[in-house]
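Down below is the structure, laid out as structure tokens.
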Amino acid sequence: MTPTGAARLAGVTGDPISHSLSPVVMQYWIEAAGIDALYAPFPIKPEDFDSAVRGLAKTGCRGLNVTLPHKEAALEIAAATSSTARAVGAANLLTFTASGIHADNTDISGFLYALEPANLDYTKTQALVFGAGGAARALVYALLTVGVAQVSICNRNTTRAQGLAREIAPDAGIIPWDARDDALAGSNLIVNATSLGLNGTEDLVLDWQRVAPGSVVFDSVYTPLNTGFLAGARQRGLTAIDGLDMLIGQARPSFQAFYGRPAPHIPDLRDRLVRRLEAK
């Protein structure tokens, strides 16, 4: 249905935001649910984040999904936060209520949903996570909640990696950026939680020959679906998982939060999104 002047408004913000498929996912669900609603992208610069979000909260907007680089700022702006968002130190979901802005983090459930087909034995999983921003914080936390054997963190800025470990994962290993290839041999789950590879930018390049057969590789990026990071993993014969299912998994609770009902089941949702990406 065409949105009316009474449509329930929500959206997604980031910098950049033009790559996001969140509006497409939400629109499919809005149409399937037959509700009067609208979900829009809001490009917001970091220096404008606080004022822009507070302004949107005053307009009747239901809330925002939040992507890079705003996930840590999203936690700071909230009057109330979920225990998960506080533990992670970042939020990807803001809801606007009469009592103020509420922050939550659904990246954890989205990430674990994406990993389900890999059938990992987490008790034997040695995870290597690249990144130390809001996404990395959520993914490291998710891995700890399912009881992985070990988590190591590698980031260009080692100080940020150390800060992440100190706040979330005190037992995590810290891998210097220059030693990233050396860390591959002991890892059987390799995760890109950086923006490297997004929209054709510089890829995260690794020496995949050092990775043991049977290992699983996950990329939080989904535009493009086949990043150089994942292409290298596939050439090695590894299980490679793109970020599209994480997008879908984290969006479901957001739809519920914004529109007050579960996201409708669309059997071919992933296929539709893949076709959209391939048509670009």
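All positions are counted from 1 along the displayed chain.
Quick reminder: no glycine exception, Cβ is built from N, Cα and C everywhere.
Caution: TrEMBL annotation is automatic and unverified by curators.
Positions annotated as active site, proton acceptor by TrEMBL: Lys71. Look at TrEMBL and you will find Ser20, Leu21, Ser22, Thr67, Asn92, Asp107, Tyr222, Gln250 tagged as shikimate binding site. What TrEMBL lists as NADP(+) binding site is Gly131, Ala132, Gly133, Gly134, Ala135, Gly243. The annotation domain 'Shikimate dehydrogenase substrate binding N-terminal' is assigned in TrEMBL to 12-93. The domain 'Quinate/shikimate 5-dehydrogenase/glutamyl-tRNA reductase' annotation in TrEMBL covers 121-195.
Of the recorded residues, Thr67 (shikimate binding site) and Gly134 (NADP(+) binding site) place their C-alpha atoms 8 Å from one another. For Ala132 (NADP(+) binding site), the same-chain residues that are 6 or more apart in sequence and have a Cβ closer than 8 Å to its Cβ are Ile153, Asn155, Asn157, Arg160, Ala161, Gly163, Leu164.
Distance between Cα atoms for Gly243 (NADP(+) binding site) and Tyr222 (shikimate binding site): 5 Å, as a whole number. Mapped onto DSSP helix, strand and coil, the domain 'Quinate/shikimate 5-dehydrogenase/glutamyl-tRNA reductase' (121-195) counts 32 helix, 17 strand, 26 coil. Taking a C-beta cut-off of under 8 angstroms and a sequence separation of 6 or more, Gln250 (shikimate binding site) has the following same-chain neighbours: Asn65, Asn92, Thr106, Asp107, Ser109, Gly110, Phe111. Between the farthest pair of Cα atoms in the shikimate binding residues (Ser20, Leu21, Ser22, Thr67, Asn92, Asp107, Tyr222, Gln250), the distance is 17 Å.
Counting residues of the domain 'Shikimate dehydrogenase substrate binding N-terminal' (12-93) by DSSP class, helix then strand then coil, yields 37 helix, 17 strand, 28 coil. Listed in sequence order, the residues Val12, Asn65, Gly110, Gly243, Met246, Leu247, Ala251 complete the 8 Å Cβ shell around the shikimate site centroid, once Ser20, Leu21, Ser22, Thr67, Asn92, Asp107, Tyr222, Gln250 themselves are left out. Farthest C-alpha pair in the NADP(+)-binding residues Gly131, Ala132, Gly133, Gly134, Ala135, Gly243: 17 Å apart. Contacts of Ser20 (shikimate binding site) defined by a Cβ separation under 8 A and a same-chain sequence distance of 6+ are given as Val12, Gly14, Pro41, Thr67, in order along the sequence. Of the candidate binding-site residues, Gly131, Gly133, Ala135, the one lying closest to Ser22 (shikimate binding site) when CA atoms are compared is Ala135. In terms of local Cβ density within 10 Å, Asn92 ranks first among the binding-site residues Ser22, Thr67, Asn92. For Tyr222 (shikimate binding site), the same-chain residues that are 6 or more apart in sequence and have a Cβ closer than 8 Å to its Cβ are Leu21, Asp242, Gly243, Leu244, Met246, Leu247, Leu277. Looking at the residue listed as 'active site, proton acceptor' and Gly133 (NADP(+) binding site), their Cα atoms lie 8 Å from each other.
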